[in-house]
Amino acid sequence: MKYKSQAVAMPYFIAAIGLFVAQIVFGLILGMQYVVGDFLFPEIPFNVARMVHTNLLIVWLLFGFMGAAYYMVPEESETELFSPRLALAMFWVFLIAGALTIIGYLTVDYATLAKYTGNDILATMGREFLEQPLLTKIGIVVVALVFLFNITMTVLKGRKTAISVVLLLGLWGLAIFFLFSFYNPTNLVLDKYYWWWVVHLWVEGVWELIMAALLAFVLIKVTGVDREVIEKWLYVIIALALVTGIIGTGHHYYWIGTPEYWQWWGSIFSALEPIPFFAMTVFAFNMVNRRRREHPNKAAVLWALGTGVMAFLGAGVWGFLHTLAPVNYYTHGSQITAAHGHMAFYGAYVMVVITIISYAMPILRGRACNSPKAQVLEMWSFWLMTIAMVFITLFLTAAGILQVWLQRVAEEPMSFMAVQDQVALFYWMREWSGVVFFIGLLAYVASFFVKGKEQPAGA
Amino acid sequence: MRAACPPLPAPRTPPTLAGDLAIWIFILAELLAFGVFFIAYAFARANNPELFAAEQLALNRDAGAINTLLLLTASYFVVRAVHAAEAGQSRHGARWLVAALGCAAGFVAIKIGEYAAAFSAGISLSSSTFHMFYLSLTFFHFMHVLLGMVILGALWLNARRGLYGPHNMNGIESGAAYWHMVDLVWLILFPLVYVIR
Amino acid sequence: MNHDIRSANRRSTVLWVLLLAATVFTWAVGEGGSGGAAIAALLLGVAALKGAAVILDFMALARAPLLWQLITLGWLVLVCALIGLAYWKGMP
Amino acid sequence: MSGTFTKAMARNVFYGGTVFFFLLFLALTLDTTKALPKTDNRHNITADVAAGKHIWETRNCLGCHTLLGEGAYYAPELGNVYKRRGPDFIKAWMMAQPTGTPGRRQMPNFHLSDEELDQLIAFLKYASEINTQNWPPNIEG
């Protein structure tokens, strides 16, 4: 650790991993409810479990991004953080707000929660991924602004590198596009149109800047390749990501009451969206092959390469699979969407956050890398989680293809629920893959507690 | 292809790309987007050739042709500007860039006239598949012309200050390559959308 | 060097005039009002030749590495070929 | 691939390309905003529809169902449920929940009043009349 204030990243990373575990527990509950419909009903209805599952994902990724920024920015800027105390204070505010929200979801009826948190003043709740009560949303904005202030001031007073500027841009974009979550007109089409300005322009827009910056940072550290080389490829990759991804928003505007031309614009540009992901994979492997040093943290290198490959598969390939309008006409809102969502989020964002944690956490704990024993366990967790996720995706894809066939293509279409019974076998296999994923995650957590001969810090 | 062209000078060794690799990657992305758009147009047309032909006939082919001449001429002027810079006459090249900007402005003016006529005739992105493509393709290209003009303007500012020369060609060659790309896609767009039926 | 540039200028000027002429030709065919497979193929061919001239001379790819020539000319040929295929498919 | 490759040019391409495509996106958004009245069924938005949407949101219906294909994939599409089932069925269905059949997926009872049910149905009727370019492919959603 080069700067004392980087230490503030540690609680963020710990919270991220803790919430990740909770997210997967709820994922397992959901998977179970897919096959045993009345599992935990009425204590935890499906809609509540799903809300917790997706919201936890978003919150822990945000914890991860913020932790990453607190770790990276002092080192990039070559100066201490503007205010470590503010960063720590915001950690507790965000953690408590997040915990209260989740407890609210689980203990209070959603309509009651809405009533007591000001949803009648400004209705923003009840939309996918934006289920948070108004108070939580405002809390997110406050935390984000304070965080951005802290980070921006740090960058301004220190060295400005391409990585820190791109990271800042991504984080500012994240905050700005979140503001559209406060816009909720009665007109359903407008509501959906701008809902995607949060969701799509996050995950296929500004988050990609954050992801690319994180990846570039770790690659510089573990490969020792010239910063100049990595930074110019960083620019090229994010340029391609935004050039295709911004108009690519159109692939969500096919069937929600928007004009027909989005089918063309959306198809054409989102067909190009795999290119930046492919470029990122090639880039990551290329840099590792050109490495000038053997970094002792093998696990971090593995996660970095895995991010490239899995982001390309999940976001690139599985996205392309159903992005063309004539295909999407049949697959829209089916298990194929779920398959893509799982692998894309895991491959792009979960893995990149774990990459930075894997790289930074040993250093934060005062060593260059974990002991070989701990690293071996961590690599086991990598393979368990990643392969399990591949299988989750494959089974959901199979379920989706069958679902589309029976429900939408067949001469005599079956009803939704009848089809669900037909594909139950795939849901069972998905749930078992989920269990393996959970085991992998437990192994990952355990790897933090494995002792062994460690290398001293200084790398 | 090469045989059709006048003799080329002996290639400089080693062969190099004129302009920055970054701009060329961007150009490739743009060419891909345009290419896919063109092909989409052609296949959409194949489903309904009569309707496409009828609406296509109503387009202003004169305006399209004049705009092609303007873009080609602008491109030629840009080539002259690059050659001037290579000869160490950056300020002289600036004048060629002004001429290119003039042609580009002419293109923009004619295009705006065309759009005005189309909108007053009630043509919109939603009025028919052909009009959707006509407006989308030309507007997408139109915005590229505007961006190209911004780039040419920046080149002009630098060229006027005498910045470019045989040892500093990266900027002007990159900008020029982008402008030629804008020209290149129009060379396909014009016959495709305005003429071939 | 200067001699090279003068000859390059001359070559570009000749190409420019040819490109203008080809454009007028395309326009005249359009005014003539005739359609059909042969005309479509002819106009696409002219467009491809014009594109090749711009790529090789204006964009100076004639003196670029072979890979880049293949990519750009390949793009041109592929796009024109697929357009041609679509027109052929849409013939009555 | 020789030739130059500079960070400054890569940066310019990033900023230029981003601004360019975002402006293009804004232009398309502007056109969409102008074209929406023809497809989004806004002239049928009544006070009941607005109230119905509020009920829809505060019961987190999207936590299980899809609406125009967006939401969770646990329960049937409701964008066209008005056409598939009709108002009376929907009302009866919601009042009969949960079924309590062992092992089957359960929908909570939201204890909506008759008026609230009518408002929710008004919202679903409005949603079913949005021009979705013929999606879903058939009535089963």
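Note: Cβ is positioned from N, Cα and C throughout, glycine not excepted.
Heads up, TrEMBL stuff is auto-annotated, nobody curated it.
The shown structure was predicted, so the numbers you read here are calculated from the model rather than taken from an experiment.
Here TrEMBL flags B:21-44 (among others) as transmembrane segment.
Here TrEMBL flags B:21-197 as domain 'Heme-copper oxidase subunit III family profile'.
Taken from TrEMBL, the feature transmembrane segment covers B:64-82 (among others).
Cβ atoms under 8 Å from those of the transmembrane segment (B:94-113) belong to residues 63, 66-67, 70-71, 73-75, 77-78, 80-81, 84, 138, 142, 145-146, 148-149, 152-153, 155-156, 159-160, 179 of the same chain, restricted to positions at least 6 beyond its ends. Feature annotation from TrEMBL assigns transmembrane segment to B:94-113 (among others).
The list of residues near the transmembrane segment (B:133-157) in space but at least 6 beyond its ends in sequence, with Cβ under 8 angstroms from a Cβ of it, reads 30, 34, 37-38, 40-41, 44, 55, 59, 71, 78, 81, 94, 97-98, 100-101, 104-105, 107-108, 111, 114, 118, 123-125, 171-172, 175-176, 178-179, 181-182, 185-186, 189, 193. The transmembrane segment annotation in TrEMBL covers B:133-157 (among others).
The feature transmembrane segment is assigned by TrEMBL to B:177-196 (among others). Under 8 Å from some Cβ of the transmembrane segment (B:177-196) lie the Cβ atoms of residues 18-19, 23-24, 26-27, 30-31, 34, 38, 41-42, 56, 59, 61, 64-65, 67-68, 71-72, 74-75, 78, 100, 133-134, 137-138, 141, 144-145, 148, 151-152, all in the same chain and six or more residues away from its ends.
Per-residue pLDDT, averaged along the domain 'Heme-copper oxidase subunit III family profile' (B:21-197), amounts to 96 for this model.
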